[in-house]
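Pulled from TrEMBL, these are the features on record:
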DOMAIN    1-90  domain 'Cytochrome oxidase subunit II transmembrane region profile'
DOMAIN    91-220  domain 'Cytochrome oxidase subunit II copper A binding'
TRANSMEM  20-41  transmembrane segment
TRANSMEM  62-84  transmembrane segment
Amino acid sequence: MKWTKFYLPDAYSPTMEQLVYFHDHTMSIITSITILICILLNSLLWNKLIDLNMNEHQMIETWWTILPTIVLFLIAIPSLKILYSMEELINPTISIKSMGHQWYWSYEYSDKFCKELESYMKYNKKNDFRLLEVDNKMKAPFLTQIRMIFSSSDVLHSWTIPCLGIKMDAVPGRINQSSLMIKKPGIFMGQCSEICGTNHSFMPIMLESIKLNKFIKWIS
C-alpha cells in the first residue's frame, strides 16, 4: 500500500475480503444515487417551472419515501452480517494476548507453551520500513483460527492491521477479543490508530505469518 493509491489494501483475511466487497457494494449504490441526482438537477436547470401537474403528485411523494428505505436495507443487511461475523469465534486454535504500553506492544502466548515478547520500534536503517520496523515480530500461523485478546497497561491503544481487517481498542482494565484468520504467509504491518499520547504514531505492529509446524517449533 503506497500513498499514491486511492483504493483499499489487498485483503489477506476473509474479514477484509468481506469488507472490500461491502465497500464496492456501497460505493455502487452511492454512485448510482449521485448520477440520478445530477440528472434531476440538470432537468431542473432547464425546466421552465410552469408545469402545474408537478405541484402535487402523491405517487412521487410515496416513491421518494419508499426507495430510500429500500436503499438503507440494501446497505444495512450486509453491514450487520459482516459485523456479527467479525465478533464470532469458531473454535480458535491459538490465543494471543496483546498488551499496549507507552510506547510499545507486548505479546503473550499461553495456550500450551508460555512465551512472552516485547515489540519496540527499531531505529531506521537503509533496508527497514520507516516507522514500521520492530525488533520482535509477532508470529502467527496462517490458515488457522486465532483468538486475539487485547488490553492495555496505561492508556487507550488500538491494535490495527488494515490488510487483515482487524482494528480493536486496547482498554486498561478491560479485555477485548477478536478473531483472526490469515490466508497467506507474509509480513503484515500496522500502527496504533488511537490518539493515546505524544508518541502514539510510533507504536508499529508487525505480524509475520508462517506455517503451523514452523510456528510450533518457534513457540516451543
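Every residue gets a Cβ built from N, Cα and C, even glycine.
With DSSP classes pooled into helix, strand and coil, the tally for the domain 'Cytochrome oxidase subunit II copper A binding' (91-220) is 14 helix, 61 strand, 55 coil. For the domain 'Cytochrome oxidase subunit II transmembrane region profile' (1-90), the number of residues in each DSSP class (helix H, G, I; strand E, B; coil) is 65 helix, 0 strand, 25 coil. In the predicted structure, the domain 'Cytochrome oxidase subunit II copper A binding' (91-220) carries a mean pLDDT of 89.
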